[in-house]
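Enquirer: So TrEMBL says this about it:
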- 256-267: compositional bias 'Basic and acidic residues' (COMPBIAS)
- 25-479: domain 'Major facilitator superfamily (MFS) profile' (DOMAIN)
- 241-282: region 'Disordered' (REGION)
- 488-527: region 'Disordered' (REGION)
- 24-43: transmembrane segment (TRANSMEM)
- 63-81: transmembrane segment (TRANSMEM)
- 93-112: transmembrane segment (TRANSMEM)
- 118-139: transmembrane segment (TRANSMEM)
- 151-174: transmembrane segment (TRANSMEM)
- 180-201: transmembrane segment (TRANSMEM)
- 297-319: transmembrane segment (TRANSMEM)
- 331-350: transmembrane segment (TRANSMEM)
- 362-379: transmembrane segment (TRANSMEM)
- 385-411: transmembrane segment (TRANSMEM)
- 423-443: transmembrane segment (TRANSMEM)
- 455-474: transmembrane segment (TRANSMEM)
Amino acid sequence: MTVKAVKMPCTSANVYTKVPDGGWGWTVAFAFFVVEALTYGIIKSFGVFFNDLMESFDETNSRISWIISICVFVQTFTAPLSTVLSNRFGHRLVVMAGGLLVSAGMVIASFARSVVEMYVTIGIVSGLGYCLSFLPTVTILSQYFDKRRSLVTAVASTGECFAVFSFAPAITALKEQIGWRYSMLSVGVLQLGITACGSLLRPIVIREQEEVKAQPPEEPTETKYMLENEQTCTSIESIDSGVDITTSPSNVPGKTKAEPKSEEPKQHGQNPTDNNSTPPEPKTKLLDFSVMRDYSFICYAFFGLFATLGFFAPSLYIIPLSRSLGIGKDHSAYILSAMAIAEVFGRIFAGWLLNKKPIRKIYIELICVILLSVALVAFPFASEFWGLMICSVYFGFMLGTVAGTHIPLLAEDDVVGIERMSSAAGVYVFIQSLAGLAGPPLAGVLVDTTKNYSSAFYSCAAGMVLGAVFLALVRPCKTGLCHQQQQQQQQQVEESTAGPPPELPDDFIDMDIGKAENSGKGSDSVV
């Protein structure tokens, strides 16, 4: 069956008979690419301002790290709010509002005179904007694709990688010309592009095309009434046969099953053909917390909680680590750019591999998380430029395989499925907020205590290992839950089949008693 889209104005929804796996979805994928670049790409590139902020505000590593940690916390903590607003007002309006908040927070931060003002502007204002921009975009993109979902989402998510690759050297060079304040102001103005991308997020509606079954040729009217007369005579001779004595054509065999469906329209003065009209769609819940009763989702949420510890800290501390080893500013920026390029290939590779479906996607994700833990442990053993470059390339590739797939994987049946994807994404990212808040400051405290940047990478590796443990439990919990549901359904079927015998109507018993009395009188008269 071909996919048909109803032509509608740009402000209305796209209506398809099935998931298009393309169409306007390619425009949504491009919008997601740009949104990724201007949200997570900027967050990961924020490390280029790290030393400048420490010198300008005379603060420690841990206090400067709170800027990004508060931003990530607000971004993830307000994920349920993003889901509620998207279901209420639509994805387009929410993303456009988020773009305005992101830009406003970054622009105001360029005039900040203390680190506390940075906490409010970038941490709270921009953090809320990041949430309203990113989550609705990735959710609506998953609705436009089915078979190609993993590949398209992975390729579109490479926007943040290209942003880190281009923004890190560009901002470093721009700072030398105009200073870090005007550089941050330029970044804030650039982030207004999120609002333009939000206008492209046209909602999608899937309406299955109704198949019109071929009706058998109708018999002539005379044949119908002759057949009725025969059955009527038979019903008179057999009073308990249950056939109504009527000349209505609705009692013809083959019409009796369709009778209840045709009665309702007649009562309301509608034509029988109105039965084929599409029933009203049920109202969508603003936020469905029933996913919290799913054990597989709970394990997956704990995986996201601990794995988030290793997502942001390496990109935030790779430049300070390289500077502590005596590597220059330019070469440090190249290391971060190489990490971003490797992440591009990792995302594309993960999308291609998941699209092939050689094994379950949840197992592929588990292997990538284990290899990512190894990459985090390898960083402290690097002592020169090329050692850090190799570790960064390896880490970037493995990070791409995980970061580009962990949220879209919620749409798979092994976790919650596409029907509950929107609510599950909000709750999942909300649970991640605790790690987003604690991760960078925890790494900063360890660095300030040990006077060694290697401790930050060890803490990230520990969190990633714990995440791998919970990810390994997702599939067993899902199969166990499905097995319990099958047992409950089987018990319900057995109880329904072994129920009490059907009750006989009262008139049936009265007629049998009447027959018995008549037969008794007949026998007495014979005697």
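Quick reminder: no glycine exception, Cβ is built from N, Cα and C everywhere.
Note: TrEMBL annotation is automatic and uncurated.
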Enquirer: Under a Cβ pair cut-off of under 8 Å, which of the recorded stretches 24-43, 63-81, 297-319 contacts the transmembrane segment (385-411) most often?
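Expert: So the stretch in question is 297-319.
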Enquirer: Note the mean pLDDT of the domain 'Major facilitator superfamily (MFS) profile' (25-479), expressed as a whole number.
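Expert: In the predicted model, the domain 'Major facilitator superfamily (MFS) profile' (25-479) has a mean pLDDT of 77.
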Enquirer: Sequence gap of 6 or more, Cβ distance under 8 Å, 3 or more pairs: do the transmembrane segment (93-112) and the transmembrane segment (151-174) meet that?
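Expert: Between the transmembrane segment (151-174) and the transmembrane segment (93-112), which are separate recorded stretches, there is no contact, as judged by 3 or more close Cβ pairs.
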